[in-house]
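Got a structure for you, questions after.
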Ligand SMILES: Nc1ncnc2c1ncn2[C@@H]1O[C@H](COP(=O)(O)OP(=O)(O)OP(=O)(O)O)[C@@H](O)[C@H]1O
């Protein structure tokens, strides 16, 4: 994962809105964003004074310090705990000593708020220890109580592989027998026997890579031959190094008299691009190969400067790359010799089809192209036809499989009991999977709400979704990686490609909409031969995907599937607790909204001030042009998802 300090940050994460990059860095307000639609600006007098507006704002908001969501949650949690304490002590007084025994008994079953705090901070507290123990015991006895009844006859219509479709696909791919023998060879190999230069072997060793993974064994020799490749293998199987090694090896022999950008790697998300940049930089650490990152959310100005130096490899997200192609003077893709599209199907789902088409058209026809994904959906056929030339198809695992050391658990959410989802999640996180756990939600709002609820319950969680600034997204990933937080509450932004060492559990708050997405989400654990667990809350409407998961696990014969039953008594207790916190959660969200408004008002003021102050410079620059309007982008995404 890239370190935060490796990059210069701008605040806004929207591709369509740029920081005012014509200003000197030191003059630039970090909170400053602007679209460059400046019509009519000339009419505003340059001397306009904003101090009145600032004073007004200060009067309204007082000297109040801007608080983060964590501060707001913490304050609310203190209030809730104090209120509970008061309530308890007054009811204790009323009931008198006679009730002492029954209270103690109750406390042993019940993890009260105070004990909760103790159990979080003071592991020696015997009360909390015994409460914890008894709960643990209870849950572990019910844990894995019964196995899912695996239905043998899942209808053929749900079969994941359509044979006739397969036959049609075979037409596009290379039928070269010699290549087939490389792909099908099962010879155990080590990197040193693969015709790879010493500096790259050193880079690989520095990462602890000695033996190539199966996808690497098959891809590297074919990549080195300059062939087009369409590759897929299960999540966490080492696809990144599979395409990076042949790329770096080929670059070792490039002419170095004139610097040229020869390799373009496209990924669907900024986080993935940064991760790929990080791995590539490590493998190339002992070479003179230069690698640059071009993604949204990071300073466009510094990227332009870097691209002007013509780095050997550019790792980019499609939107930002198109922006550079259109707006960065002298930046072209004319010298690209190798084009790589990682997680290609996700790029299409995200509505990047038009961007990808334009990028492919900007690259020279004579080039090597490699396309990778853990899943190969039908909607990438067009992209394959458009961008690959008789590609060699490398499929290491049967399609749509999970990692072999993944245990899949399912918790049934009964019809009409949808509200118990929250309870199940809290109980799972409070008692069973207490760290190194990523929880997926369908919406950003849902993830954020749980961030607040978890905070109020004393569960240490961060969030990761598209409503956060790029800086906050990177910070959350770092905190999770460094175990400063135990839970990462995420949307599907994090479902693909992210490689965080040691994720033990993936929880799906809802079953994802497609089985492919399920595979990507659960693929965040059990990576690189490690074991891991995926727990999914399954409602009535999710049975189709559940069946697919069970069928795939049966077919592989390696992946374990279980039904988890949670203790009803513990669930009942937490249901009430969550209900009692509903108001507090709403209040935190409301306070956060108000504070955001103040920050926005201040930012608008600064923006207006800067607009006027730097009016001349702004007008002296050519207007940026955009590949698509927001509306077009939204429509493309909708189309991508429906295809
Ligand atoms: N040859 C190797 N030896 C040891 N570990 C490896 C090797 N190749 C890759 N890994 C490790 O395996 C993990 C998964 O690799 P990578 O992220 O490339 O998987 P992936 O197939 O791209 O996954 P996804 O489909 O989720 O994107 C990483 O932690 C990586 O460091």
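Any Cβ shown, glycine's included, is placed from N, Cα and C.
Keep in mind the model is a prediction, meaning the values are calculated, not measured.
Quick paste from TrEMBL:
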{"type": "REGION", "residues": "83-174", "note": "region 'Disordered'"}
{"type": "COMPBIAS", "residues": "91-103", "note": "compositional bias 'Basic and acidic residues'"}
{"type": "COMPBIAS", "residues": "113-123", "note": "compositional bias 'Acidic residues'"}
{"type": "COMPBIAS", "residues": "130-152", "note": "compositional bias 'Basic residues'"}
{"type": "MOTIF", "residues": "189-217", "note": "motif 'Q motif'"}
{"type": "DOMAIN", "residues": "189-217", "note": "domain 'DEAD-box RNA helicase Q'"}
{"type": "DOMAIN", "residues": "220-394", "note": "domain 'Helicase ATP-binding'"}
{"type": "DOMAIN", "residues": "427-569", "note": "domain 'Helicase C-terminal'"}
{"type": "COILED", "residues": "571-611", "note": "coiled coil"}
Run through the domain 'DEAD-box RNA helicase Q' (189-217) and tell me, per DSSP, how many residues are helix, strand and coil.
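With helix first, then strand, then coil, the domain 'DEAD-box RNA helicase Q' (189-217) has 16 helix, 0 strand, 13 coil.
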DSSP on the domain 'Helicase C-terminal' (427-569): how many residues come out helix, how many strand, how many coil?
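The breakdown for the domain 'Helicase C-terminal' (427-569) reads 61 helix, 27 strand, 55 coil.
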Return the average pLDDT for the domain 'Helicase ATP-binding' (220-394) as a whole number.
90
